[in-house]
């Protein structure tokens, strides 16, 4: 351990890691740069926002049978919220990072990569790239701004420092490429983890979190909308983005100081099968409906998604479509997606549909920012009754796994809400866009026909275009008729 005096206030500043380049003085917030034989003042570093993370400097744990201690922290903000990166020192002297975002955690260690690496500007969410001979999917590509720091850090950070990072996924593995300091990125490899699996010690307890942040993390709380005064239930530290059900105002609840992002107007209450605040019991776990979102595809087919949360179960989704209900969960282990198939756990899932999903209504609390008009590109793959769905936006892609839920099962989960509700007409369980299944298939066949006839069209456009158009209509018009007959 190296001990130095803060150049600004004279307080003791400790460097426990030999890899640490700077530390933040806990008394005056000055960034202290460790140089050869001396220390230098980097200027003030912003205080971290008091959030709801149970982790703090000094928290210890074990990963892969290797004990570690938390010695530093970066707090980074992007357009939809912020997350923490905790700097770890293992007992064997190696350093690493513990990512902490809305209750989801990853551990990564620096990894040396040989050969060419993709440029930051070339990466797109959902794109496959080869890195060190391995195939990875770009899951998240974004630029974030440092809003605060604590303790020791392995590189020089000043107020407003920007992080340019790309998170890649391959099965259950995780790889971060950090372009913050140049065109050649630093690489960090690791895996998603749960906090309990790390067997942590010296966590902040609920009383400490409540004292500093004003509310308990992960406990359903109510606040008054700053825009219209209506009550909104949310989960401090878990759902940072709120949409008022009464006026549709967008609120940022990432910190205890609630901020209005966009004022809304009074809207009519939207009737839903499961209302906001409905409580149910899935097995032995209690869950609460904290968010409701309606979306539709490009054919006008709509469905409703309910975000549920339980203190032990975490987040899960129930999806209500014309075909019935599905339960959907985010996936930590991603499939190997190759064209029209996706492989997961030695099971092949075949391509089913692709369509844009546009938000038409949102209310309640979410763990990402939701706004009416948001569009995600969805691609579905199916094996038996299990559906895998990839949802891709401008900067990130997520995978979810869905299985059908019988209405009787749903009534058993929510007896107080659905006791007198009649079941929907019996239908074969399907997917989100099943009422446009014939049109989706027809589109695929028309595109394939266009590709196959590209050369005849270029050679004799006037003589072949009419036949190509007629063939397309012959495929698409019956599909519209069949889809209309398929609707309830």
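Using N, Cα and C of the backbone, Cβ positions are placed for all residues, glycine too.
Here is what TrEMBL records for this protein:
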| type | residues | note |
| --- | --- | --- |
| DOMAIN | 56-191 | domain 'DUF4178' |
| DOMAIN | 276-405 | domain 'DUF4178' |
| TRANSMEM | 465-482 | transmembrane segment |
Ask   = the domain 'DUF4178' (56-191): mean pLDDT?
value = 91
Remark   = Helix, strand and coil residue totals from DSSP for the domain 'DUF4178' (276-405) stand at 0 helix, 93 strand, 37 coil
Remark   = Using DSSP three-state counts, the residues of the domain 'DUF4178' (56-191) come to 3 helix, 87 strand, 46 coil
